[in-house]
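Please read the structure below before turning to the comments.
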Amino acid sequence: MLRTSYVKYIGTERTTFFSHNVKNFEPTKRWQERLSNSATPVPRGTFLFVGSIKRFGPVRALTSTTPPDINPRLVIQREGKGKEANYVPVYVMLPLDVISTENQLEKPEELREKLKTLKSADVDGVMLDVWWGIVERKGPKMYDWSAYRKLFGIIKEEGLKLQAIMSFHRCGGNIGDNIYIPIPKWVLEIGESNPDIFYTNKRGTRNEECLSLGVDDQPLFFGRTAIQMYRDYMKSFRENMKDFLDAGLISDIEVGLGPAGEMRYPSYTESQGWVYPGIGEFQCYDKYLQEDFKVAASKVGHPEWKLPGEEAGDYNDTPSSTKFFRINGTYITEEGKFFLTWYSNKLIVHADRILDEANKVFMGCKIKLAAKVAGIHWWYFHPSHAAELTAGYYNLTDRDGYRPIARMLSRHNAILNFTCVEMQNYEHPRGAKSGPEELVQQVLSAGWREGIQVACENALSRYDRNAYNQILKNARPNGVNKITPSKFRVFAMTYLRLSDKLLEENNFSIFKIFVRKMHADLDYLPNSDKYFAPIETMARSNPEIPIEDLLEATKPEKPYTFDPETDMPVGGDNLFDVLFVIFGKIKSIFT
């Protein structure tokens, strides 16, 4: 009797897909159950068609064109349509204070001129924080979208697209924050009588930047839970921005999932004294998360286990100075592993549930959802990856902390947006054991392996060719080529940020070249997505993926190969940029 293999459909585009040889493919229990009534078992070695993960259907035989080193359980990139598939759209973040705390559009005509300037460089669109603390500031469900409607109108008139961030966090207290925009005052007032609605460190210090995921299901906010507040806000956004959504102005909705809008815990907050490259602190000591951990530990027969205490160190400690993160420290013990799994799982489930609500809200719109993952690159080369662990990314040499996140995002067909793509290792002090290059390679590979689109941002403002060339390398890690199953590119790149300095003559002239190179030396394409991964009408998310199936993705795999440098450089003949690189390398040797 022939051994059977199964096929699952991968992707969403109703266009050309690659065939793939799935011999030796072993489906997990989850896939066996989901495929039992819809996928046809076939003889081992049969060449099968790989289609859409959104639905299952009949299998048809094709000739395989997929390289043998691609795992058959991995997602296969759709073949792009010619050279246009290399065109990576470029968006630019708007200033944080473009809408004032009083809900007024600041200097609209000046902004319009700056948008015209961006358009002259063939920039594809802009990214904008849509602040919860501004729109719903007057009271529960008292939404005022008037200033944002004016701004959206200007963006549309100038021929730009928009990435809209549902910003459920405070602006202020993090790197680059130049304005203070708190979460709604009426929410803060609830926190005065119940400070446990906020993330809390082991000393009891509260962080009012965003709500703790511990209150996701607590009806503490005039009868609503935190997730219900986020859902209602997004529903109101859709209702009030329907004309802009229908017109195709908005390309994607990035859903805020934590501090700075990122899917993480607020483990390294400058306003609480953190300084780079401190390891940060765990943020799970509000009463709701403490109780959750107590119940979880009791369920596995260890009611005596506690949350990490002083052994986990303080914000600015190094891993080696702590009992928890030092080599062979608590993090590798049974108790430490249990805590870190619980801590990171809570974050994944939190993000999954909010994205599920976002999917229900925006279903039927021709947009994509996105989630931002933070680029925590310091201590990447320490065995404990301490700074990643405190932020909620349980990533070690023998455990992939990012691919489970990508797998969770896959059920929502959501974009994984990752930062720090401009950074190189030599730019950071040796003592920080920083590895942004390897981190970017790992995270982007994790997203591509799970079949989702990956987007990127620079973490810090940069205007030099060296940074631009690093972004170009990461955006198309195998260069400009007809896209194939083993060659990838990012869905879009968002530049941080629009400023007077960016628009200075020399800086902007270099930036324009950068945009041209991101566009693969092609003229502006108003609908570039159709050549690579068309944005389709949002369908309902797939069923929830059990946590044990998400954790199957923690098994580390070698990341995809990235070329050592981009094949479309901005150019390195600028003396200042050359000296910048040399100085950076010298500095790294002595720090």
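Cβ coordinates are placed from backbone N, Cα and C, and glycine is handled just like the others.
Copied from TrEMBL, the annotated features are:
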type: ACT_SITE; residues: Glu262; note: active site, proton donor
type: ACT_SITE; residues: Glu457; note: active site, proton acceptor
type: BINDING; residues: Asp129, His169, Asp177, Lys372, His377, Thr419, Asn458, Ala459, Arg497; note: substrate binding site
Candidate with sparsest Cβ neighbourhood (10 Å radius) among His377, Arg497, the listed binding-site residues
Arg497
Report, as a single number, how many Cβ atoms besides its own are within 10 Å of the Cβ of the residue listed as 'active site, proton donor'.
24
For a quick check of packing: other C-beta atoms within 10 Å of the C-beta of Asp177 (substrate binding site), how many?
16
Give the distance between the Cα atoms of Asn458 (substrate binding site) and the residue listed as 'active site, proton donor', rounded to the nearest whole Å.
14
How big is the Cα-to-Cα gap, in Å, between Asp177 (substrate binding site) and Glu262 (active site, proton donor)?
14
Only counting partners 6 or more residues apart, tell me which same-chain residues put their Cβ under 8 Å from the Cβ of the residue listed as 'active site, proton acceptor'.
Met93, Lys372, Asn417, Phe418, Thr419, Val421, Met493, Thr494, Tyr495, Leu496
For Asn458 (substrate binding site), just count the other CB atoms lying within 10 A of its CB, please.
22
Just to verify a number: CA distance, Arg497 (substrate binding site) to Glu262 (active site, proton donor), in angstrom, no decimals.
17
What does DSSP say about Asp177 (substrate binding site): helix, strand or coil?
coil
Cα separation, Glu262 (active site, proton donor) to His377 (substrate binding site) (Å, whole number):
15
Between the Cα atoms of Glu262 (active site, proton donor) and Asp129 (substrate binding site), find the distance and write it as a whole number of Å.
12
